[in-house]
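Colleague: Here's the feature list from TrEMBL:
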- 119, 123, 317: Fe cation binding site (BINDING)
- 141, 142, 143, 144, 145, 174, 187, 289: substrate binding site (BINDING)
- 31-324: domain 'Gcp-like' (DOMAIN)
- 342-365: region 'Disordered' (REGION)
Ligand code: KG4
Ligand code: ZN
């Protein structure tokens, strides 16, 4: 086994085309040597959501440029790589296929081993890349298409403790932005508005808090928001800047409170399986939200748990997380052949029954 592993990673499962190089010397912390992300927000902005066909074409156009830039930024060539890792699902199938085809082309022409990576595993293992946390840990994965609490025991060993039964929180942020005429992606724009607003003026529901488990629901929030918006418009003829900020603040407070309370319960469920001082990590695009991060920090401090979340740029979609998850799989002896398939659905915990409606609506993972 080589002492130092250098892995090229590719990501194209939603609306970010990304390539990165990650290196780990034996006994040392992994390093991100380069991470290139080409976003597609402008291409989709006129449509109010990600258009799969446009996304797939843009990935196909940009992937090789991304790889070239990632290698150049790392000051390396394909000859310096030990393997090529690629997101093989879940996600928009055309995009995932673009990445898998590109990685297969690289593997076939260079002889490099090919490693298929689950995009969600990429998010879930990121705190090991950025913060060096050890197994096991409790992961809150919150993104545009997913929301789940996972007990992470190894690179391919995940148990789901609970998750959303309908929308993912990122989807709720994006819909809120759309309903209020704010730019996409909704998360950062709703957060910016919320910072100027009064979270107490509008009272949003806190769904499923009457149940003892750590399942969540976010679809009712957008209906509540739509009703409140329509009521203000009916009464005053339109929304003022302050109305919009107060709606965002009320919405965000509901998401924060719900995630905080369900995290308390998830810690209890985790401790029942893994006694001792727990480490809790958050990842995925929504973990970039500063109010959510602050609330999770407080909950963990109260529960005597260590809390960690990757830096913002590695919370949202990127290829460093794919290269790193590939590196862990590679070290564990995993190799894929040129028959690697792109999978639109690929749950991390294969044994856990699907929650009603979970992950069906979100294009993102
Ligand atoms: O992980 P990600 O980049 O893509 C996948 O879903 O896989 O997450 C994107 C999601 C979007 O829904 C976006 O609105 C949300 O993360 N997001 C945020 C913030 N930044 C990104 N949500 C809340 N607050 C933020 N600051
Ligand atoms: Zn993602």
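Along the chain as shown, the residues are counted starting at 1.
Cβ coordinates come from backbone N, Cα and C, glycine included.
Unlike curated entries, TrEMBL annotations are predicted automatically.
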Colleague: Can you tell me how many other Cβ atoms are located within 10 Å of the Cβ belonging to residue 144 (substrate binding site)?
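Modeller: I get 28 for this one.
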Colleague: Given the binding-site residues 119, 123, 317, which lie within 10 A of residue 141 (substrate binding site) by CA-CA distance?
Modeller: 123
Colleague: Give me the non-local Cβ neighbours of residue 123 (Fe cation binding site): same chain, 6+ apart in sequence, Cβ-Cβ under 8 Å, ordered along the sequence.
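Modeller: For residue 123 (Fe cation binding site), the qualifying residues are 141, 143, 283, 284, 321.
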Colleague: Ligand 2: which of the binding-site residues 141, 142, 143, 145, 187, 317 have a Cβ closer than 6 angstroms to it?
Modeller: 143, 317
Colleague: Would you mind sorting out which binding-site residues among 141, 142, 144, 145, 187 put a C-beta under 6 angstroms from ligand 1?
Modeller: 144, 145, 187
Colleague: If you average per-residue pLDDT over the domain 'Gcp-like' (31-324), what number do you get?
Modeller: 95
Colleague: Name the residues of the same chain, 6+ apart in sequence, whose Cβ is under 8 Å from the Cβ of residue 142 (substrate binding site)?
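Modeller: Non-local contacts for residue 142 (substrate binding site): 168, 169, 170, 259, 282, 283, 284, 285, 286, 287, 292.
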Colleague: Taking the Cβ of residue 141 (substrate binding site) as the centre, count every other Cβ atom within 10 Å, in any protein chain shown.
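Modeller: Here the count is 27.
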Colleague: Determine the Cβ neighbour count for residue 289 (substrate binding site): the number of other Cβ atoms within 10 Å of its Cβ.
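Modeller: For residue 289 (substrate binding site), the 10 Å Cβ neighbour count is 27.
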Colleague: For residue 289 (substrate binding site) and residue 317 (Fe cation binding site), determine the Cα separation and express it in whole Å.
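Modeller: Spelling it out, the Cα of residue 289 (substrate binding site) and the Cα of residue 317 (Fe cation binding site) are 14 Å apart.
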Colleague: Using C-alpha atoms only, work out the spacing between residue 317 (Fe cation binding site) and residue 145 (substrate binding site) and round it to an integer in Å.
Modeller: 12
Colleague: Long-range same-chain neighbours of residue 187 (substrate binding site), Cβ under 8 Å, sequence gap at least 6?
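Modeller: Spatial neighbours, sequence-distant, of residue 187 (substrate binding site): 170, 173, 174, 177, 285, 286, 288, 289.
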Colleague: Through the lens of DSSP with three states only, how would you label residue 187 (substrate binding site)?
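Modeller: Helix, per DSSP.
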Colleague: How big is the Cα-to-Cα gap, in Å, between residue 144 (substrate binding site) and residue 119 (Fe cation binding site)?
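Modeller: Here the two Cα atoms are 13 Å apart.
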